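Remarks on the structure that follows.
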Amino acid sequence: WQYSFPFQILSTELPRSAWASEPPPPSFPANRPFLVVWNAPTSRCRTAFGLPLPLEPFGVVANDQEVFAGGNITIFYQHQLGLYPHYQADPAPVPLPVHGGCPQNASLRAHLDAMERDLEAAIPSRAFSGLSVIDWETWRPLWVRNWDKKGVYRTMSAHLVRQRYPTWPQGRVELQAQWEFETAAARFMSETLRLARARRPGGWWGYYLFPDCYNYHYWEDFENFTGHCPGIERQRNDALLWLWEQSRALYPSIYLEEVLRGSAQGERFVRAKVWEALRVAELPASASYSLPVFVYARPFYSYTLKELAQVDLEHTIGQAAAMGAQGVVLWGEADYSTCLKMRHYLLSRLGPYVLNVTTAAALCSRTQCNGHGRCRRRIPDSPTYLHLEPSTFQIHVTTAANHTQASIRGRLGPRQQEALGRDFICHCYQGWQGDRCQERNQAGEAPSLSPPLLAASLGGPYLTSIYDAVTLGISFLSGFYY
């Protein structure tokens, strides 16, 4: 017998004009060595609680007024972009479907029509060139990865097949259900990206939590935890090539649970996740450049309001920078207690560390890669970081009322430059090649960052001469916050 698929699940015809040709690479964020982007709804910290967060002085890129959806980053949850099929999370005797429940039981055409309207409302400007994150978490496109509560999608997929073929043996029902689910899931996710890229071609579109390598087995044997991604999960990520080929950026998560606090296991956990994302970023053969990787991190340990210790800032933000990720996206909440904690944390530890790492990454890019690439570890699991040398650099933070100022004074000496050359290699921006990114290649010029984001990524208007100022040992201000 053969698998049967007797009904049309998905509308396959979309306007050819929507993606007849690929747009040129957008301006953000292709030519910055490392960015820290704010993706927390903290505008209420200022408006409701009178606690403005000092992001700009430390070079943290945020939307205007720190809104969730803006010119620098926009995130879409499942109810905000089209008609995402899923089952309600609330327990019920029978799972309650929304928009069909399973993707094979939903209308792709209706979803895309609704998505067009949602895109216009959320991102009115076609010139948008920020990070564009789709957060769909209730099911995963690979059948085998729908475990625990997500098992409802396997159960209900089999139920849909059983309704049509009541006499089939269970094994055949399961195989048919898997094929139908995975086919429809792939179409839903890939066509969503295709339409998003067509309508907002400058956006860096991708799905939150993709890729993942499911290396959460530190609970099983903490002492011997290596962090390595299971081989089977790497193979499954390879099977998602269709997704990587439609993505413009990758958004894995490196949230740390408190059990990993200050441990070598935590460092290994993050390193494996980032390394797998960087591996996946190289898979699409159709792309002329590797996909940028932005890792999602929390300033707090998962499920808590306990700030990351200094060593865990290094294991997360610092390690992502040293391994060659494009940046880190910081996510969080915005009630009063969080605002109070976050403001103090930014001023005391998080902000200075972000400024340290982004400045060190910029210096490494300038001195080792001619400003045309980012530095990444020569050996991925080496304990080397892009940090300013404390004996030659000092970061000063001053506050008065709600006014914050950060400053750096220092010099990058020959010995430090030699260490950077020994420990790091260059990953060239699009349009450049060579060991030190010193030669243009046939891909053309590397895209440039738009002026507002350039200033934001360098820490405000006072950092326009960051490379020369620091290299020459001249102190500079990273900006004021009002």
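Using the three backbone atoms N, Cα and C, a Cβ is placed for every residue, glycine included.
What TrEMBL says about a protein is an automatic prediction, not a curated fact.
According to TrEMBL, C375 forms a disulfide bond with C364, chosen from C364, C369. Spatial neighbours are here defined as Cα atoms within 10 angstroms of one another, and by that definition the neighbours of C426 (disulfide bond) among the recorded positions C339, N356, C364, C375, C437 are C364, C375, C437. Under the DSSP three-state reduction, C428 (disulfide bond) is assigned to strand. Sequence-distant neighbours of E137 (active site, proton donor) (same chain, six or more apart, CB under 8 Å from its CB) are Q78, Y208, L209, listed in sequence order. Comparing the Cα of C213 (disulfide bond) with the Cα of every entry in C45, C339, C364, C428, these being the disulfide-bonded residues, the smallest distance points to C428. All protein chains considered, the CB of C45 (disulfide bond) has 22 other CB atoms within 10 Å.
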